[in-house]
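Peer 1: Here it is, the structure in full.
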Amino acid sequence: MMAFLKGLFVFAISYVVLLNGVNCIDIYHEWIVSIDTTINPLTSHQSVITINEMFPGPLINATTNDVVIVNVFNNMDESLLITWNGIQQRLNSWQDGVSGTNCAIEARKNWTYVFQVKDQIGTFTYFPSTNFHKVAGGYGPIRVNNRNVITVPFPKPEAEFDLLIGDWFRTDYKSLRSSIQDKQSNQFFDIPDAILMNGKRPYDELSSSKRHKSFTVTKGMTYRFRISNVGTVMSFNFRIQNHKMVLVETEGSYTNQITLDSLDVHVGQSYSVLVIADQNEADYYIVATPKMFKSDETLEGIGILHYANSLTTVSGPVPDGPDPFDIAFSVNQAKSITWNMTTGAARPNPQGTFNVSNVTLAQTFILHGSKGEINGWPRYVVNNVSYFTPDTPLKLADMFVNGSGVYQLDQFPTHSVHDSASYGVSVVSGIHKGWLEIVFKNDLDVMDSWHLDGFGFYVVGFGNGDWTPAARETYNIFDPVVRSTVQVYPGRWTAVYVFLDNPGMWNLRSQHLKNWYLGQQLFIRVFDDNPNPAKERKPPQNLLLCGMFESSISPVPSPAPAPQEGW
């Protein structure tokens, strides 16, 4: 059966069907997720996860309020889940694609995700969320475009380019997955072997191979680069030789436009920059170099910006960037990235209609990310608790048995650190339509970044040392940028505000894959028991059962209502 389907769907198939009476469309994709050993980004016979024989995977190109339908055929020998990084899944955490919300798609089987990009615009990515798969690929770009009735705060560019940049290892993902659980070899994962651009190895002027990434531009034209860090370990600094960049968007928020020579992009983050092809017609380096690491040429991601009439190839060293250990530079740049308060985004009203200048906090979580050891095994912990993934997804248990036998609500310490590291199924209550303050404290000596599914959070503050309530006096509450992934510098803290208006079971995690896989995550349960109007969508009719419900008869809920403008 799979061989037949593979023949039918070698390339992504997208159908567009207009919905009667609804200002959105359905976008259909059929994906076959497979292992390919012939792509060889660095090493021959290395396992790379492809989608429809593509690495990176196909673009999901949607518009605000569109419904995205992705039928995923798992052609691998292990179970699989795909998560949609930054897509908020409004009222619908059933489609989030992480271990706490979904049963995995078993090997040689398929499952269909159906979700609406409700009230969103911007630049996002998708990737596998379980079994350490992301280190082997399986990722791809998501664009959510503005509706025509919304004015975009910059002129339409000549073209848009998706640029997925990430660290890469020569070692096969199954071997890496085993090694990180061993104390002796755990550190090896911290240093990747290369930085790829759109799955391609760095440019090498001594090689006749054209296996690097190149973008062709026309002199005088403006281009939008949608840049994402799809790596698993390293932040990077991005720059284009002799070209300025204008930052315009990050993870669904239009920013105040600032002109940059280079841009720090941390694991899991996405940005849009405008680049004017205003130089002599030649070739120019596109460069990504790691932060907090003494780089050598083997860890430089290098692509080419090629002018259409260029007869001159690049030569010499790549352009210098900022000192990779200059934290002050990176923090100051992060603070300069602010929200454009006057432009619309997904809706006509200005983004600044929703602001945090006068909010009342309902909750505060202070979360320390660090390492621990449990029964001799290396683990990553939050407040000294390492998340233990149960066989039954939290959302399934929550729906049918109120969590009984799977997790105990609010046993995780949100304000304190346990004396010793231990396992826990960490689920905490979030007050529906309350403002939550989260302080992320990085007790590691390397960069970290945190992501919250289901929401965008307002990045209000960065600080050094321990956080205290007095630090709120330093917060930017006028125009903090709203995004879903934020960096936390070594030994420092980052503070965010979140308005919990999206009921569901939502994953809060480190975006660094080893940290996430070894326990640096928890879930926030946002619940409203008022049934009128309904606050969450019912489970999908194709709901998978597993764990304690594996032998049960799948429930057949009522069909969900069609998406509407006010939904």
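Heads up, residue numbers simply count up from 1 along the chain you see.
Just so it is clear, glycine is given a Cβ too, placed from its N, Cα and C backbone atoms.
Pasting the relevant annotations from TrEMBL:
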type: DOMAIN; residues: 37-148; note: domain 'Plastocyanin-like'
type: DOMAIN; residues: 163-309; note: domain 'Plastocyanin-like'
type: DOMAIN; residues: 393-529; note: domain 'Plastocyanin-like'
type: SIGNAL; residues: 1-24; note: signal peptide
Peer 1: With DSSP, how much of the domain 'Plastocyanin-like' (393-529) is helix, how much strand and how much coil, in residues?
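Peer 2: The breakdown for the domain 'Plastocyanin-like' (393-529) reads 19 helix, 58 strand, 60 coil.
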Peer 1: List the helix, strand and coil residue totals of the domain 'Plastocyanin-like' (163-309) as derived from DSSP.
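Peer 2: Secondary-structure breakdown of the domain 'Plastocyanin-like' (163-309): 15 helix, 68 strand, 64 coil.
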Peer 1: Residue counts in helix (H, G, I), strand (E, B) and coil for the domain 'Plastocyanin-like' (37-148), per DSSP?
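Peer 2: Helix (H, G, I), strand (E, B), coil: 7 helix, 44 strand, 61 coil.
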